[in-house]
Amino acid sequence: MEIKDCTRDGTVDLHGRPAIASRTGKWKACAFLVGYEAFERMAFYGIASNLVNYLTTQLHEDTVSSVRNVNSWSGSVWITPILGAYVADTYLGRFWTFTVSSLIYVMGMIMLTTAVSLKSLKPTCTNGVCNKASTLQIAFFYVSLYAIALGAGGTKPNISTFGADQFDDFNPHEKELKVSFFNWWMFSSFLGALFATLGLVYIQENLGWGLGYGIPTIGLLVSLVVFYLGNPIYRHKVRKTNSPTGDLIRVPVTAFKNRKLQLPESPSQLHEHEPQHYINSGKRQVHYSPIFRFLDKAAVKDGNSGKPPCTVTQVEGTKLVLGMLLIWLVTLVPSTIWAQINTLFVKQGTTMDRSLGSSFQIPAASLGSFMTLSMLIAVPMYDRYFVPFMRRKTGNPRGITLLQRLGIGFVIQVIAIAIAYAVEVRRMHAIRVHQITGPKQIIPMNIFWLLPQYVLLGIADVFNAIGLLEFFYDQSPEDMQSLGTTFFTSGIGVGNFLNSFLVTVVDKTTGRGENKSWIGDNLNDSHLDYYYGFLLVISTLNLGAFLWASSKYVYKRETKEVDEGCIEMESKTLEISPLGLQTSSVDFSNLYGLAKCSCWSDLILVIRLIVEVLTAKNVKHYQHPTETKTNAGLHGISYARIQGLCFKAKGHPKAEITSI
């Protein structure tokens, strides 16, 4: 087996042998993965979409308790991936962590199907009067649910990153394919969610809960068999660090110890390995960024210390995590809005006219299928039309930057909750007009009034849900990409917990004494419109916080080996200001002095200057598959390889440029 046949990123097969590029990975490997993702999402949404109805109608919980329990379980499903990602990145790797966790997931599904099928595990009813669920019945039901949450903790962060690992970042063609990976990965996820909200919910309410949970259980088992059939063509990443999270502790501790040391005038004087070290080790060098400068002291060279300081790459890895944490914080409120879909939106729908024809009634939870349909339509449109159109306008391979994508999604989400508030105001008006007071009375207002908020939230998810997953994977330190994607899942989890907290506090605060609770058991005698108005206010404020946080964020910049004797300078973005246009002037006379400097960090400045002129009128773009060249045309520097493209700038002393 010749070296040139192997993947360039050092991936191996299941037996530890170098992966052969032509026979492994890419979309042919991902085809075995997407089936599992579709069935797993079908199982999750088959439970989550209608769980609030099961708790109120079968286990006879009150509205606030059922909403709180649904949010707590959903939050756990999205929080446990932190544990699964840590185990994968530190001990077992993605494949084996997924394998063990998927078995726990299936076991939980089997237990849950048993819990809703056997009469002995459900409360009994006599003459229309139902007993409360026994301690054993409640315990078995919730143990089943939380077994699923534990299993999801190991599958969710690893299956998507394992899929992304099937594309070689060092291969320009495969890297181009990877740009679309997360879009189509989520597309398969949406397909599973669509079947759950459109088919399983109807089966649960009309044919039986056991059948409604049994179908996704069988589907999950079949998808696991299909997944393991793909073993011969999977690529596995080799762990290059025994404890990748150790730097997150070491860097701030070292910075604190060095707090009395003075920072050098130039970042190039901070401690860093030679570029050859990263070439030999197969790791990627991350370059200096002028944020969180208090951490730079961890890389200050101190001759009096017996231990070597941290490298700039280690410090920058910690900075990346802190930067992602800042973005993560402003995703919590949007995740809280998302939590309404499977809770209050469903309960709201049960009070409205759900008849379709003379005999058919739409399950309230099935309206979520329209959200999924909007996603399924929007994803291909985004990938096939929006991205190429914006790519021509901006020159960015993604069309727009990751943070711009998130910002658009958050704006659409604010509009959606504003519409939800307006619809609820109209529902309350209909209640007053028709003098409806009973909890089971149906309001003469069609359930399709809720359709716009579902559709808009679906479109918003195409921007922010997929965008967040890609953002946290893309911006994570190299050895922590599984853990990095848990920023996405944990944000949704904390959003569910936050919604549970808000619902509880609002109910207790507004329902004191003789006051009417905003979220009572009887939604026809509550003020859900006030709660939606409250969510609209905090969503608008959070949008402002996001704009501020994104303006402070600095994207990851890496160097990696592309060929023998060649180095590729890669910046994850081409813009300086993430959410806007920035005009600046580049003086080419400065390039020569920088080019002659042997300092690696100064060479990065040369590359950045060339990147900044990419949109100038006198810049010619062309594809170059493998090489990085130098030429004496532009004061000693005329070619730069950025993200698999080579660009040649014609010699002009000055150019006015606009950053994308």
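Glycine too: its Cβ is placed from the backbone N, Cα and C atoms.
No curator has checked TrEMBL annotations; they are predicted automatically.
Features as listed in TrEMBL:
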TRANSMEM  95-116  transmembrane segment
TRANSMEM  136-153  transmembrane segment
TRANSMEM  181-203  transmembrane segment
TRANSMEM  209-230  transmembrane segment
TRANSMEM  320-341  transmembrane segment
TRANSMEM  361-382  transmembrane segment
TRANSMEM  402-423  transmembrane segment
TRANSMEM  454-473  transmembrane segment
TRANSMEM  485-506  transmembrane segment
TRANSMEM  530-550  transmembrane segment
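Proximity of distant same-chain residues to the transmembrane segment (320-341), defined by a Cβ-Cβ separation under 8 Å and at least 6 residues beyond the stretch ends, is recorded for 71, 74, 248, 286, 291-292, 295, 368, 371, 403, 406, 409-410, 413, 416-417, 420, 454, 457, 461, 464, 468, 471-472, 475-477, 480, 484, 487, 490-496, 498-499, 502, 535, 538-539, 542, 545-546, 549-550, 552-554, 556.
Among the stretches 95-116, 209-230, 402-423, 485-506, the one making the largest number of Cβ pairs under 8 Å with the transmembrane segment (530-550) is 402-423. Sequence-distant contacts of the transmembrane segment (181-203) (same chain, at least 6 residues past either end, Cβ-Cβ under 8 Å): 30, 34-35, 37-46, 49-50, 160, 163-164, 167, 211-212, 215-216, 363, 365-369, 371-373, 375-376, 379-380, 382-383, 462, 465-466, 469-470, 473. Counting same-chain residues at least six beyond the ends of the transmembrane segment (402-423), those with a Cβ under 8 angstroms from any Cβ of the stretch are 327, 331, 334, 337, 340, 345, 449-450, 452-453, 456-457, 459-465, 467-468, 470-471, 474-475, 529, 532-533, 535-536, 539-540, 542-543, 546-547, 550, 553, 573, 578-579.
Relative to the transmembrane segment (454-473), the listed stretch 485-506 leads the set 95-116, 209-230, 485-506 in CB pairs under 8 A.
Panel annotation: around the transmembrane segment (136-153), residues 40, 43-44, 47, 59, 73, 76-77, 79-84, 101-109, 111-112, 114-116, 121-123 of the same chain, lying at least six beyond its termini, place a Cβ under 8 Å from a Cβ of the stretch.
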